[in-house]
Amino acid sequence: DRQTLVAVLQFLRRSNLRESEEILRREARLLGDDLGTAALRGSVAAVTISSPGVTAVAAVPPGKGEARGGCVVGPSSRREPREVGSPCAARSLGDSPLSEQLLLAGAFAVAGAVVVEDQPDVSAVLSAYNQQGDPTLYEEYYSGLKHFIECSLDCHRAELSQLFYPLFVHMYLELVYNQHESEAKSFFERFHGDQECYYQDDLRVLSSLTKKEHMKGNETMLDFRTSKFVLRISRDSYQLLKRHLQEKQNNQIWNIVQEHLYIDIFDGMPRSKQQIDAMVGSLAGEAKREANKAKVFFGLLKEPEFDVPLDDEDEEGENEEGKPKKKKPKKDNVGSKSKKQDPNAPPQNRIPLPELKDSDKLDKVMNMKEAARRVRLGPECLPSICFYTFLNAYQGLTAVDITDDSSMIVGGFADSTVRVWSVTPKKLRSVKTAADLSLIDKESDDVLERIMDEKTASELKILYGHSGPVYGTSFSPDRNYLLSCSEDGTVRLWSLQTFTCLVGYKGHNYPVWDTQFSPYGYYFVSGGHDRVARLWATDHYQPLRIFAGHLADVTCTRFHPNSNYIATGSADRTIRLWDVLNGNCVRIFTGHKGPIHSLAFSPNGRFLATGATDGRVLLWDIGHGLMVGELKGHTDTVYALRFSRDGEILASGSMDNTVRLWDAVKAFEDLETDDFTTATGHINLPENSQDLLLGTYMTKSTPVVHLHFTRRNLLLAAGAYSSQ
């Protein structure tokens with residue numbers, strides 16, 4: 001709007017940022033000296049900085065903003081280190097090698113996205129809390145609003161109650177920043193008990209901020225200050241609030257609402273308390289509806305078909321390191337008369353995927369044979385569960401993974417070792433030394449058997465290399481490689497032919513909490529304490545993508561079955577879905593009341609299940625960007641989630657020492673995802689999730705860390721026995 005533009009231009013002129021002023025003029029086509037007479041009051045202009053999935057307002061004192069490549073950039077709205085290229089240019093994919101095609105000039109450098117500087121200037125961020133209003137009246141302001149909301153009609157009360165928490169935090173921080181310590185203390189003590197129970201952890205952190213100096217380095221404080229808290233409110237409720245604040249001339253609260261909150265107004269009925277409770281609870285409020293509007297290709301890629309003689313592959317299938325079920329690479333030229341393309345699938349070549357090797361084809365054939373013998377699961381036919389208990393794991397079991405064909409299991413431990421076991425009678429063997437290999441007849445039929453060194457055969461191999469606890473492990477789909485990530489900030493790639501470390505990927509500066517291979521191999525993702533997820537390719541030292549936007553640690557990562565998207569769960573209590581092609585955040589899911597620790601995509605790619613420390617398992621429809629189910633039953637953190645091979649059953653494993661089986665078919669049938677629901681976020685969750693619970697299986701004293709369905713739908717679970 002013209003007035004704002006004029007104000008910003010004046011501000012740039014006053015700050016002697018001529019170059020920026022020129023760029024903005026050109027962009028806005030204000031060529032003459034057409035500045036109008038609008039006066040800009042005060043020395044702080046708010047510049048809204050939006051990037052995909054992230055919107056923040058940074059206060060830009062004179063001299064702090066600068067123009068870059070046609071984008072006005074203020075002090076950063078995020079703490080993550082961002083690798084930034086040309087902010088307003090995107091690269092198209094050429095015919096270069098796979099990862100080259102995927103490399104981008106910068107992490108967020110997508111056409112038109114505004115890129116934000118590295119570290120925020122803390123003093124600039126805090127200066128927005130300049131002295132406003134009489135400190136002694138803060139309690140009166142707040143209790144006045146509280147009284148108004150509690151006396152409003154029931155239909156509005158639930159929606160307006162969402163204001164309590166963000167206003168409480170901002171008013172408290174404002175008092176502390178302006179050094180009214182006793183008023184701040186009394187304000188906190190009087191009102192902190194009124195906040196929803198799921199904000200208790202945040203309030204504990206807040207209560208320790210009692211002096212202006214404490215605010216300088218506090219992450220929670222900065223997050224709250226720099227990311228606008230999002231509230232979703234119906235137009236009627238909003239008008240009611242606005243009228244009340246303007247009548248009372250309660251400018252203090254109105255200023256906070258305008259400066260620090262983002263109110264996402266929708267037309268229609270106000271939401272009920274249950275509907276609101278299901279969706280709130282994250283660090284920055286709910287997701288804006290806009291954040292979940294982008295189109296997502298959630299369908300699966302076409303399976304290539306090929307003709308392989310079916311008589312002799314059994315023996316080779318044993319020897320060849322093969323590749324699992326979920327691999328759906330590009331069309332193969334060997335007799336590819338593939339099934340019909342899924343209308344929701346991404347184009348086959350949307351991201352470059354590795355070609356199928358012969359061994360992969362053999363493994364696919366093995367897989368098809370196994371699938372033919374697969375048990376059809378359902379409420380009447382539950383899977384058998386085989387539990388792998390790690391005994392005497394006094395070195396602390398911190399991660400587990402099982403190969404797709406269920407032949408190997410790996411454990412990551414707190415003593416920084418990675419231990420790989422063979423679960424079949426076939427022992428683990430290394431390849432012979434170079435000298436011995438030179439003596440082998442390369443033309444012989446059993447050359448793959450001859451290159452293995454029998455002297456090295458054992459059930460267990462221990463891999464040394466990390467210098468801190470190993471928090472995540474992942475087998476490559478072809479079982480040739482293994483990834484592990486650690487507190488030491490590195491991700492390591494190990495060869496399962498030689499049982500040695502091939503590469504250490506350094507990019508995270510802090511502990512890396514999780515890593516996972518793409519279902520097609522080659523790409524992998526990692527997420528860590530630096531709040532960022534990174535996409536890598538095995539043959540590159542540098543990450544290909546950096547996914548920045550979470551407000552706290554990225555605790556778990558998962559590839560979508562079609563490999564075009566990555567889901568990340570975070571300690572900020574949100575789940576984000578990222579597009580691998582351009583690095584954009586295409587979905588933000590809020591509703592969990594604690595850090596997210598497990599993610600699982602349904603085999604058809606349409607749904608996502610998430611588990612967190614709140615013991616709830618939430619189900620999401622990816623296409624519509626909506627929560628469609630809530631499974632209650634666990635009493636502790638849900639650390640493992642897995643769908644059966646055909647998607648009929650969802651298994652969840654928790655720190656409460658149980659595995660629970662849920663009826664996924666029933667959970668996802670007759671979903672009400674009409675346009676109204678999508679537009680307003682009025683979700684209607686079934687009251688009783690117990691109808692969906694098919695069984696609960698206790699262990700003696702073993703928290704469940706990992707779950708895996710074999711190709712024939714036997715459920716494998718794993719965890720370390722705890723003696724307490």
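In case you wondered, yes, glycine gets a Cβ from its N, Cα and C as well.
Automated prediction, rather than curation, is the source of TrEMBL annotations.
Annotated in TrEMBL:
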COMPBIAS  308-319  compositional bias 'Acidic residues'
COMPBIAS  331-342  compositional bias 'Basic and acidic residues'
DOMAIN    133-261  domain 'TFIID subunit TAF5 NTD2'
REGION    308-360  region 'Disordered'
REPEAT    390-431  repeat 'WD'
REPEAT    463-498  repeat 'WD'
REPEAT    505-536  repeat 'WD'
REPEAT    547-588  repeat 'WD'
REPEAT    589-622  repeat 'WD'
REPEAT    631-663  repeat 'WD'
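Highest Cβ contact count with the repeat 'WD' (463-498) among the listed stretches 390-431, 505-536, 589-622 falls to 390-431 (criterion: pairs under 8 Å). For the repeat 'WD' (505-536), the partner stretch with the highest count of Cβ pairs under 8 angstroms, out of 390-431, 547-588, 589-622, 631-663, is 547-588. Same-chain residues lying 6 or more positions outside the repeat 'WD' (631-663) and placing a CB less than 8 Å from one of its CB atoms are 325, 371, 374, 376-379, 382-383, 385, 387, 594, 597-604, 609-613, 615-619, 689-709, 711, 713, 715, 717, 719. A Cβ distance under 8 Å defines the sequence-distant neighbours of the repeat 'WD' (390-431), meaning residues of its chain 6+ beyond its ends; these are 318, 322-326, 363, 366-367, 437, 451-454, 456-475, 477, 479, 482, 484, 486, 488, 494, 496-499, 705-706, 708, 710-711, 714, 716, 718-721. On the 0 to 100 pLDDT scale, the repeat 'WD' (505-536) averages 94 in this prediction. Per-class residue totals from DSSP over the domain 'TFIID subunit TAF5 NTD2' (133-261), listed helix then strand then coil: 101 helix, 7 strand, 21 coil.
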